[in-house]
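The structure under discussion appears below in the form of structure tokens.
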Amino acid sequence: MDAPLLKERERATFNVTELIHLLNGSEEETKRRKELESWLYNNPVFRQDDRYQISREEVYERGLQKTRELVNLCRRKNIKFDSLDFARLNISTLEELPFFLHVIMFIPTIRGQGTEEQKRKWLPLAEDLKILGTYAQTELGHGTFLRGLETKATYDVSSREFIVNSPTITSMKWWPGGLGKTCNYAVIAAQLYTKGKCYGIHMFIVQLRSLEDHKPLPGVTIGDIGNKYGFHTVDNGFLRLDNVRIPYENMLMRYAKACDYIPPVNPKINYGTMTSIRVDLVKDASVILAAASTIAIRYSAVRHQTEIRPGEEPPVLDYITQQFKLFPQIATAIAFHFAGDYMHRIYDKVQSEIFDGHLSAITELHGISAGLKAFTTDTSIAGVEICRRACGGHGYSNASGFQRFYENWLGSATYEGENTVMYLQAARYLFKCYDNPKEAPETMSYLRYPQNKMEWNVKSADDVSNYATLITAFEQRALSKISSTAKKLKNLTHYGMNRNDAWNAASVDILHSIKAHCHYFIVKNYMQSLNHLKMSSPLRQVMTAVALLYANYGIDEHAGDFLESGFMNGKQINLVRAKILQLLKEIRVNAVAIVDSFDFDDRFLRSALGAYDGNVYNRLFKWAKLSPLNKTEVHSSYKYLRRILQSKL
Ligand SMILES: CCCCCCCCC/C=C/C(=O)SCCNC(=O)CCNC(=O)[C@H](O)C(C)(C)COP(=O)(O)OP(=O)(O)OC[C@H]1O[C@@H](n2cnc3c(N)ncnc32)[C@H](O)[C@@H]1OP(=O)(O)O
Ligand SMILES: Cc1cc2nc3c(=O)[nH]c(=O)nc-3n(C[C@H](O)[C@H](O)[C@H](O)COP(=O)(O)OP(=O)(O)OC[C@H]3O[C@@H](n4cnc5c(N)ncnc54)[C@H](O)[C@@H]3O)c2cc1C
């Protein structure tokens, strides 16, 4: 092992294993996760060393090979697709496999929106992979505005069938994962028409390809939409349906009935699958940022460059600017880890209420999950890029491992709800609660108390080491934004603008308000989670420093908001900045040990810069030699080079 990493690990002031178990939930959870990973990583099919030297078709084919291996493993070990074990296996592959949508959206939609009879019919087929489905909702012309989707499902009373049709080119389904070449079924979101009337979006099970030879069925035009930023293993596809007939029973009718139409108690229950993925994405944001931080911190501890004092070339991690870039990323990854735990707890609670027929909490769940999905994905996407840039030239190499995270994770700002739209949806709920504070849920209870122009009682750097004062700071910042925006909305409508136009006119302020609210929620949840957790005092000291860094860094990053709220003054902002420098120094000794606690296997990171042993340069050289251009000493294209060299200018 590279000496610098050895020394870094020896200096740690806490027990890494204790933090590994804390982040996993328990020692048993850690053991189980590592056992599952070993089953994957010891299988050569999951190799990735030549990932960037093969074609898109080979990448897709590899994806199917991995799918086959993963499915065989699940069958051998009796791991169900809706189990925590499967979720762990999925994240460990960190590759969106072609059948990914089958598991995370097709099956859950049937489970969530099918009648008992429909579940009995379709779930065994889907869980046993007798059919492979995707979630086909987005169209060429619409992804966000679901009420604007054009695909039609017209009920033919005489034959008790639905005629599913793509009436225009913009109504073609476009983007669904696995749609292009993999899936033979889909849940299709379509406008239900019966007896000449439109009843809005409902979900329909449609067979797309033959189960015999996988050829598209009559009336089905289908294919891959072409190369993208990432998700190369996934055949995101297009689909045009030309009056395809499906049985009446293929409309998912847990909440609505087609014949003599009975509407769902809450039509948004049809949006439930999207909510479940948004909830998952909050924890995924933590994993992605923790992985990127691991690479950047380990590399920064090994990379020696230039001088602080003449004659001494230190590890770049000793530069305060490098710490200022990277330590907040570690803190954010841990903050989002606890936010993800919160989201899953809330989701499970609301799901059990929904299965008991109570749909009232779905609006609150949507309001919270939409906001946190947008906030955590936006922040973590930016954080991965900060980690990459902090690794200089080698961060730009595919050998760094960053591209694999970055190219797939970039999509998270768009899929499962474009982030601006999600922020605005969350804001819609936030301002409703602001207008009716008594109905505000626990996460928004601070809205019940009007903002009192309190002064932040901070006189020294030590005062910004107090969770309560920091939580109050974020609360007051959010309240200040929300109350001034509410005033603006009120004025706009007071002077004659209708509510929708006023909402659009104030939407930039609304965006700032919801972001401030999400930030407040993350800080509060982070600190309260730490307070509830049992841990040794050396570990608590480290976790406290990291949490304080997250909050103080957030104040520094948005100093204008805190000053504008009148809650803080310039002197106090300087105290916050002094505190940040003190925390960077305190965290420095444990930086490598903290990322070791994220406990990523080298075969997950696949990074020459972030490997556990820190042996960066030999790994980089070994990786470079794999380049196809190095198969021969003189490349076959030399004939062109020779002409250039011999040509007369
Ligand atoms: C490791 C990496 C892994 C990575 C794993 C990656 C997987 C990638 C796979 C990607 C899959 C996809 O992208 S699948 C496709 C994802 N597509 C989307 O997310 C579409 C986004 N658009 C929408 O959700 C909707 O159009 C939305 C913007 C909410 C507007 O809907 P409507 O127009 O019907 O509603 P509005 O008129 O605005 O009224 C809003 C009201 O509806 C309620 N409402 C809206 N949505 C709701 C919901 N989901 N649940 C409950 N209630 C909801 C609001 O609370 C409001 O309630 P009141 O205030 O009380 O009225
Ligand atoms: C990798 C990937 C995988 C995907 N997988 C699937 C899948 O499996 N199944 C599926 O059905 N879909 C899938 N999608 C599609 C995805 O869900 C949509 O792209 C997404 O919902 C955004 O919709 P859109 O593309 O129409 O963007 P648009 O909504 O057209 O966004 C364009 C711009 O308009 C802005 N905008 C739109 N509406 C508003 C508004 N009301 N207020 C303010 N600004 C607004 C947006 O903020 C954005 O800046 C996938 C997409 C990607 C990238």
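A Cβ is built for glycine as well, from the same backbone N, Cα and C atoms used for every other residue.
Worth saying up front: this structure is predicted, and the values here are computed from it rather than measured.
Taken from TrEMBL, the feature active site, proton acceptor covers GLU416. As annotated by TrEMBL, FAD binding site applies to THR138, GLY177. If you look up TrEMBL, you'll see 15-131 marked as domain 'Acyl-coenzyme A oxidase N-terminal'. Positions annotated as domain 'Acyl-CoA oxidase C-alpha1' by TrEMBL: 271-430. Taken from TrEMBL, the feature domain 'Acyl-CoA oxidase C-terminal' applies to 468-645.
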Fewest Cβ neighbours within 10 Å, where candidates are the recorded positions THR138, GLY177, GLU416: THR138
Across the domain 'Acyl-coenzyme A oxidase N-terminal' (15-131), DSSP yields 88 helix, 0 strand, 29 coil
How big is the Cα-to-Cα gap, in Å, between GLU416 (active site, proton acceptor) and THR138 (FAD binding site)? 10
Check the DSSP secondary structure of THR138 (FAD binding site), expressed as helix, strand or coil. coil
What does DSSP call GLU416 (active site, proton acceptor) in the simple three-state scheme? coil
